[in-house]
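Some features that Swiss-Prot has for this protein:
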ACT_SITE  113  active site, N6-AMP-lysine intermediate
BINDING   32, 33, 34, 35, 36, 81, 82, 111, 134, 171, 286, 310  NAD(+) binding site
BINDING   404, 407, 422, 428  Zn(2+) binding site
DOMAIN    595-673  domain 'BRCT'
């Protein structure tokens, strides 16, 4: 059982990290099918071992996060994600479930699944009032000013609807030709976008709407949320409403009568997908009859009346010209295939990841082989295997490198890991540069203007050798402006301002920026919330660390080893001396208008289920405003159980014991949420 629980926790940590990369960083590190496979494995394990299923599992949450850059807005109706189908059997099961729930589906509507960023647009008095990203499904980001720059989205709808509040949902995307043009026009020091989806998401989240307008985003609308209020009875009729009101709607949308016709549409979409001017990664199937949606129902994560069929990854073949070796910030050695340029998913591909030498050996990949590749979410595609029928007669197996490609140190494998590593972590130039690149990145200290190219130039000029040196760049101003760095006075001032702003970031960002092995952004946030200060964390023992949710033995040992290293202790002290914040800053803002209900004061609470805010935040409200005690288990001494979505066994026990239950909706109403 311990092994099963550990596997479930491992999958949850991976999926949480991948969700963060996809929704917050707009920079996924794994392809969709790897994510989907992990999610399916998690769901299967949780179904088989329900005692290990928690309410904060990725399997019951809508993917996504709310950015700190924009105002947070609560959706009037949750923006749920869709369950996935991967073959005809999944679609037939979806159909059978629908037939069992309702006899009047009125067929299905089949739509392209646009690979972009979901958006909800609200019209009041027939005028565009507000635009909100999906976010975490409950709360999104207000991006109204940016949406107003997109030509596909009308600012007004027909005046006959001025007495209605109309909510329309769709997908913001970037067409291939606009994506290529934008990447070509980026400054040399700017990071290129990996793909149109990343470009669309990153652009829509820009704080400068002139940049949004310049980059030419597009949008398809596909859902009229309050169609029934307008007397519309079918989803296909609501699509016509969108067309009539000048919204851009895909001309690939069709209505069919049976699930067999839906399955036939897969072939149709597969044939046209590579000829489209935009990226699609599947099709969406919705029941046509709007009047049965509530009858068929919802889970906490997705509607049961719709499903997404995901295309398998596109696989193409190209010749392997060379294997390139590199070293990353942790000393890990990477193997990258340089291939004959080939078109894949709308972009020219010249490189593909080979992971490590064991992967090359297992697949028996050789120079000049014809290799199969597929596009992942990242810039570099993945290698799927070798076409042995095209192997040259004189080919020889590839030999592993034994020395670091940067500093020539002898490579080692630690604890039987598959990865080779350079252990010269303080003397290797490439490792030091990659540490700085990671430190300044968006999900770390977010120092804008410090591009990879500038970091390399500053390193070669001995201006920065470690991350602490960044905070002394101001004193080198005259030298930098006079040198051949192509940095002007205004750019330098902006860079220094960004460096100074980074000093005020909360502890979890600094902890992430250190790049400690096994400590990603999610765990860093939990550690910061638990220990509050860098000093307390530095002195935490193994038991205290592993008591933190999601901090396993590997992460705990890695933290202890990192803080026991004199180089790292010195670095922390240097950063503290220049004024970098070393404390956790709570980003939860309490509402001064919370109603204080006297009957809740000084009582004992148990919290179960999911809410629009975290349980820690609810616990803080109860303790701060009600002086309540919050316990983990229900007993006869429990006064109230606060029950959210998908409440579990604690709710059942409360009912058996006769404990008072506060439902989520009543809690929100009582507290002005």
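Yeah, the Cβs are placed from backbone N, Cα and C, and that goes for glycine too.
Everything Swiss-Prot records as a feature, shown here on the structure.
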residue: 36; record: NAD(+) binding site; Cβ contacts under 8 Å, 6 or more apart: 84, 86, 310
residue: 82; record: NAD(+) binding site; Cβ contacts under 8 Å, 6 or more apart: 284, 302, 303, 306, 307, 308
residue: 113; record: active site, N6-AMP-lysine intermediate; Cβ contacts under 8 Å, 6 or more apart: 280, 281, 282, 283, 284, 308, 309, 310
residue: 286; record: NAD(+) binding site; Cβ contacts under 8 Å, 6 or more apart: 108, 109, 111, 235, 305, 306
residue: 404; record: Zn(2+) binding site; Cβ contacts under 8 Å, 6 or more apart: 327, 333, 410, 411, 422, 424, 428, 430
residue: 407; record: Zn(2+) binding site; Cβ contacts under 8 Å, 6 or more apart: 422, 424, 427, 428, 429, 430, 431
Candidate with the highest Cβ count within 10 Å, taken from the binding-site residues 34, 428: 428
Secondary structure of the residue listed as 'active site, N6-AMP-lysine intermediate' (DSSP, helix/strand/coil): strand
DSSP three-state assignment for residue 82 (NAD(+) binding site): coil
Residues within 8 Å of the 404, 407, 422, 428 Cβ centre (excluding the Zn(2+) site residues themselves): 327, 331, 405, 406, 408, 409, 424, 427, 429, 430, 431
Where residue 407 (Zn(2+) binding site) sits in the secondary structure, as DSSP reduces it to three classes: coil
Other CB atoms within 10 A, centred on residue 134 (NAD(+) binding site): 25
For residue 422 (Zn(2+) binding site), the number of other Cβ atoms found within 10 Å of its own Cβ: 25
